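TrEMBL annotations:
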BINDING   Trp151, Glu161, Asp177, Lys179, 241-252  substrate binding site
ACT_SITE  His250  active site, nucleophile
Amino acid sequence: MQDLSLLQSFELSEILSEEPDRCRLTLLGTLPSSGNTSTSEGHPLRAIIRIEKNAFASEHAASLFKDLIHKAKVMESTDIYTWLSGWTSSKASELKQPHGDVKINVICPATDVHVRKYTKQEIILVQETPELYRRIVEPYIASFPPERTRWVTEILAGRAEQGKVLYSSSAYIILPDMKWDLHTTSSLYLVAIARDHTLRSLRDLRGDEHLDLLKSIRQEAYRIVGDKWGIGRGGLRMWIHYQPSYYHFHVHIVNVNYELPGMGMAVGQAHLLEDVIALLAFNSNVYEVMTLTYGLGQQHGLYKPMKTVQGEIDEISPSQR
């Protein structure tokens, strides 16, 4: 192997794998033979090339948007969130890469909650009994001002992101999540948001009230991705976070082959929609009476109070959990 000139002669046959979360492509194709072996005799040789973007150098963070990002274009915007497509090289023209080669999310104004969420942190597992939910978690949820989820209210009221809405009913809407670049099907990411503002989290679900809602979300999600992107049954992973990033009930809808980094799909954090439906069908009040175990980062607002009371769990009999 020599230099870029040899790579430029690579002839692509097939994309073996695409890993958007790692910014990596694995390609199958051919490279010209050097003619120095008795078997090649100048014939193209089959080659696999893996190409991956390097991590951004933190030491250059101060000048990132002055020196590295050549151009940026706003794709969507709300009162808090803005996401842009960016180009890191003048050679990477919009014609060749119309969707950019980097995606930039801006949160402004950023609250302390946002800062804590995106700060690298250690994780602990906590057990939340129904009693601890009522004593600690429910007051924590109630403490958030309406402005915290105003961007959700604006979408549901029809004043924001209406061009992106894929489905709308009296009970919920489905639209692309802001984490998706809107064109890479392998990392497809949608979200279903309930219209009922009193439905805040997994704890509020009741089988006799919400099974039809959850089943409808599952049905419409598959219909939409089947019609628009050709993804069939079994091709989606749908889940509900607990604790969620915001306390207005929503369901994550993702290509089943897409693996999210961090805690996004971790055991305890993500509850599969199929399992939630099955549990609620078995016991309508299951999420009111069961103990939930999940991860909390040390920057989370619930970290200190929940960590402090974990010793109480050992004193509670299994029948009380």
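Easy rule for this one: first residue shown is 1, then count along the chain.
Positions of Cβ are set from backbone N, Cα and C atoms, glycine also.
For Tyr247 (substrate binding site), the Cβ neighbour count at a 10 Å cut-off comes to 19, with all displayed protein chains included. Using a 10 Å Cβ-Cβ cutoff, His250 (active site, nucleophile) registers 22 neighbours. By the criterion of other Cβ atoms within 10 Å of the residue's own Cβ, the least surrounded of the binding-site residues Trp151, Phe249 is Trp151.
With every protein chain in view, the residue among the binding-site residues Asp177, His241, Ser245, Val251 whose Cβ has the most Cβ partners within 10 Å turns out to be Val251. Cβ environment of Gln243 (substrate binding site): Val137, Ser201, Gln269, Tyr294, Leu296, His300, Leu302 lie under 8 Å away, each six or more residues apart in the same chain.
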